[in-house]
Amino acid sequence: MSDSGGFDSHPHVALIPSAGMGHLTPFLRLAASLVQHHCRVTLITTYPTVSLAETQHVSHFLSAYPQVTEKRFHLLPFDPNSANATDPFLLRWEAIRRSAHLLAPLLSPPLSALITDVTLISAVLPVTINLHLPNYVLFTASAKMFSLTASFPAIVASKSTSSGSVEFDDDFIEIPGLPPIPLSSVPPAVMDSKSLFATSFLENGNSFVKSNGVLINSFDALEADTLVALNGRRVVAGLPPVYAVGPLLPCEFEKRDDPSTSLILKWLDDQPEGSVVYVSFGSRLALSMEQTKELGDGLLSSGCRFLWVVKGKIVDKEDEESLKNVLGHELTEKIKDQGLVVKNWVDQDKVLSHRAVGGFVSHGGWNSLVEAARHGVPLLVWPHFGDQKINAEAVERAGLGMWVRSWGWGTELRAKGDEIGLKIKDLMANDFLREQAKRIEEEARKAIGVGGSSERTFKELIDKWKCNNNTH
């Protein structure tokens, strides 16, 4: 609170995240930033969560920020068989969307604004429009991916045939004001017009122009050209302001010490500076046994020290296999003298900030890429699904890292151990990438510092929300 008054003189912002750590994490970090900027914050939650990690994360957040109000949103019964999807996270998005019309009682005045997850915006907008409540979107991927999402409905309309199908004649998708995006980089689920993902993708894409603004966890040095094009209204006519508020910083509770983190940090302390390649594919990706073996062989053949985080199942509640079962006995024995392999939660921020870490092999999840940028760690991006190829292109364009297009993605992953090893060697020995990464790290520090671009953006938003206090 400021000296000039109590809570009522400050904006009151509600946030409604969606399922998955990739969506929840930036929401909680944004909420923490809003608290630090003297906003009142309400967090709208749904239970049970899909993963145990989500439940724990929300619990730790609310304990760390007791001034945040939690409101639980009770969803209508939902039959997964009624949706054309099997992904548990996608099904939860749909369950929230189908219950969105019941949100109004949780949005009772006085609220200055609601910040909605991108996956929910088309379902939530009618509620906020009816309440005359400003609705902002937190887009949880790159600005480059947002440019595709916002322009895709118009692109589909221009490619539709008389039979209702969509045909793309070229190998690229043209986006006004920006370089074209290879068709091969577009998430395959978007191209299946009958899929649940494609339907909601189009509906959400059409809704941005009706929102009051879009917040993105990015900053100028990472995606300058894309942000300029978006705010110049060159991508989509009538698009509201796009606010680059990144890099969003980890909450204090994320820095908690536990036996696993202590073990990892102790091991890193014993390694030479810049010698370790960190390998992690996020909270949702579990490699096949075959691809896990190829990656292990690649790490060994690279000759580099490594810290490798593995997953056995997509949903952590179902992941009961031991590390030895995931890796196999032979690979487990081979790697123990060259690296450390863990199969549990890792404090990624502490890992990336450690002096021993000199490179990061990532799946291309946007939160991970922004964390690498903030710590100046060069990237080898290995996209697997969703927005990850487009995120990889953004990283490559910024000079922060590289990716190998021939490695495939989804069910077509085809990277071999020797290729992986060579690319990791290249990553760890690439002076140009290292210099670029350090430059971007410095720009990230400036963006969130006093008078920086992201700090100014937060103040601009808060000033807007203060004005809303007078009318809501």
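For all residues, glycine too, the Cβ spot is worked out from N, Cα and C.
Copied over from Swiss-Prot, here are the features:
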ACT_SITE  H23  active site, proton acceptor
ACT_SITE  D117  active site, charge relay
BINDING   H23, G386  anthocyanidin binding site
BINDING   T140, V346, Q348, H363, W366, N367, S368, E371, D387, Q388  UDP-alpha-D-glucose binding site
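Remark: of the binding-site residues T140, Q348, S368, the most isolated position is Q348 (fewest other Cβ atoms within 10 Å of its Cβ). If you take the C-beta of H23 (active site, proton acceptor) and look for same-chain residues 6 or more apart in sequence within under 8 angstroms, you find P17, D117, T119, T140. Classification of D387 (UDP-alpha-D-glucose binding site) by DSSP places it in coil, neither helical nor stranded. Distance between Cα atoms for W366 (UDP-alpha-D-glucose binding site) and G386 (anthocyanidin binding site): 11 Å, as a whole number. A coil conformation is recorded for T140 (UDP-alpha-D-glucose binding site) in the three-state DSSP classification, outside any helix or strand. The secondary structure of D117 (active site, charge relay), as reduced to three states from DSSP, is extended strand. Counting every protein chain shown, the number of other Cβ atoms lying within 10 Å of the Cβ of D387 (UDP-alpha-D-glucose binding site) is 25. One residue stands out among the recorded positions D117, W366, G386 for having the most other Cβ atoms within 10 Å of its Cβ: W366. Straight-line distance linking the Cα atoms of S368 (UDP-alpha-D-glucose binding site) and G386 (anthocyanidin binding site), rounded to a whole number, equals 15 Å.
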